[in-house]
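Below is one structure, written out as structure tokens, with a few remarks after it.
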Amino acid sequence: MLFICFPQVDEIYHDESLGTNINIVLVRMIMVGYRQSISLIERGNPSRSLEQVCRWANTQQRRDPDHAEYHDHAIFLTRQDFGPAGMQGYAPVTGMCHPLRSCTLNHEDGFSSAFVVAHETGHVLGMEHDGQGNRCSDETSMGSIMAPLVQAAFHRYHWSRCSKQELNRYIQ
């Protein structure tokens, strides 16, 4: 599943509606056992779980940015519940440039996980939910990646004009 998910996320980030190319490359995969996973994920507390996952990911980081396994962003996939029912992911907004905030916590749920990972990574890249603090609520029913509830599907997805603007503002 993971070897399918990341090329899909990369493809989502190459959609022309985003207006820029961002490459998603899997540089390292660490399989965490159940015992360690339950020590990181605090059921019903997504904020604390994300904090612990980000801190753990930072301890796994290669210190040399030229190392082949150095990562810019850590993506933690789990089947454990970490938030209220239906919560698919959790991420800090505008965390990409901070080593302890450039990570996401994502519920692994098969092929749809690619859209959750793309959505949560979008938050780290400065994107808000469409329709929350911006004027893109009209795009959520059409499969926008940053809809408050991820409803995008492989036959119908796009980045909203707000996501494009927020990303450009963040990376400048």
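Start at 1 and count along the chain as shown; that gives each residue its number.
Quick reminder: no glycine exception, Cβ is built from N, Cα and C everywhere.
According to TrEMBL, the active site annotation covers Glu120. Summarising the annotation, TrEMBL assigns Zn(2+) binding site to His119, His123, His129. According to TrEMBL, the feature domain 'Peptidase M12B' maps to 1-172.
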- Message: Over the span of the domain 'Peptidase M12B' (1-172), how high is the average pLDDT in this prediction?
- Response: 95
- Across all protein chains shown, the binding-site residues His119, His123, His129 give the max Cβ-within-10 Å count at His119
- Message: Through the lens of DSSP with three states only, how would you label His129 (Zn(2+) binding site)?
- Response: coil
- Around the recorded Zn(2+) site, report the further residues of that chain (criterion: Cβ within 8 Å of the mean position of the Cβ atoms of His119, His123, His129; site residues excluded), sequence-ordered. Gly89, Ala91, Val93, Glu120, Gly122, Met127, Glu128, Ile145, Met146, Pro148
- Task: Taking the Cβ of Glu120 (active site) as the reference point, list residues of the same chain whose Cβ is under 8 angstroms away and which are at least six residues distant in sequence.
- Result: Ile75, Gly89, Tyr90, Ala91, Thr104, Leu105, Asn106
